[in-house]
């Protein structure tokens, strides 16, 4: 997907601290988590966006357009158009891509997403919902009695939202285990990815990297998931949680956790940069790519292994030409699988890329931590990673490049190429 010739820029935004499900944000819904982030971004820049795109993966029965609800509750100008987008874990990255397609030279968009896994709503089974609707529609007393008589006990069930894929019935972790076993990825390097994620996050926090990216919410001003006391020895003792046989390798330690949080960033044209009061972290969008795969043949979380090679090949780049790699850490194994495949000539041929992309520069991967240590609120992760990449890249020399890659449930993936 080649973007137009116009210049599009990303400006780092703000996010809430990320908290493990059912902890610090257990009483806050998706809108309540989003509003402080949006308000902080608007206040910091003294800027009102021309439009807003927001996303959330878990459905809510109380509203259909969370983007508009956030505009209203944040007290923004009600004349600002707002809509909602969704693409599983790539939701807020998709929002950035949509905004990049829409902005003009001086247009400014505020995009992002949220997840409140602690406040996921339960619903009713479809048959029970149908029965209730017909009961409420019955006009006469006799019609209501007749409808009451049609109630079947087996229909009185709750619908509990699941993290499993609808078409396969398997969770992302179960799918990742299948891919891991197919590619023969061992347990030890998965734990090493997890440890590195925590260590790099803690080092970044110590030097103040996150200070101007975080907005306190509900009295919390720091992420709660990173662990200072983790080690390879402790990680090795954890039991597999998705495949509990001797083949299982995915644990709570080398997998991202269910998380509550919200994140946003800015998308603008070249002239729109002049509207910011403080745009010290701004980088140019060079191009982006989306991909989808056959889940059974390729693996649920492997779409980015097609998107990355296509994007690089389109610009004549090799893996080592990228100075910053931000790859979403759904699982340590998924990161390893992604990197393994984008170096595999046979896989590159499947992706339609004829040239070898060279070796992967591991030392440039997720220098400030990733989703394993920070957390993974589905709708917010894309915006979190993009803002983090923008700030890191903006501190490099001009001409340096970054790849931001997010795999998503459903066999989907999104990738962006950025440049300082």
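Each residue, glycine too, has its Cβ placed from N, Cα and C.
Residues or ranges marked as domain 'Thiolase N-terminal' in TrEMBL: 8-267.
DSSP assigns residue 89 (active site, acyl-thioester intermediate) to a strand. What TrEMBL records for 89 is active site, acyl-thioester intermediate.
Counted with DSSP, the domain 'Thiolase C-terminal' (284-419) comes out as 55 helix, 32 strand, 49 coil. Positions annotated as domain 'Thiolase C-terminal' by TrEMBL: 284-419.
Counting every protein chain shown, the number of other Cβ atoms lying within 10 Å of the Cβ of residue 376 (active site, proton acceptor) is 24. Feature annotation from TrEMBL assigns active site, proton acceptor to 376 (among others).
What TrEMBL lists as active site, proton acceptor is 407 (among others). Sequence-distant contacts of residue 407 (active site, proton acceptor), defined by Cβ-Cβ distance under 8 angstroms and a gap of at least six in the same chain, are 89, 90, 301, 302, 303, 304, 328, 330, 334, 338, 413.
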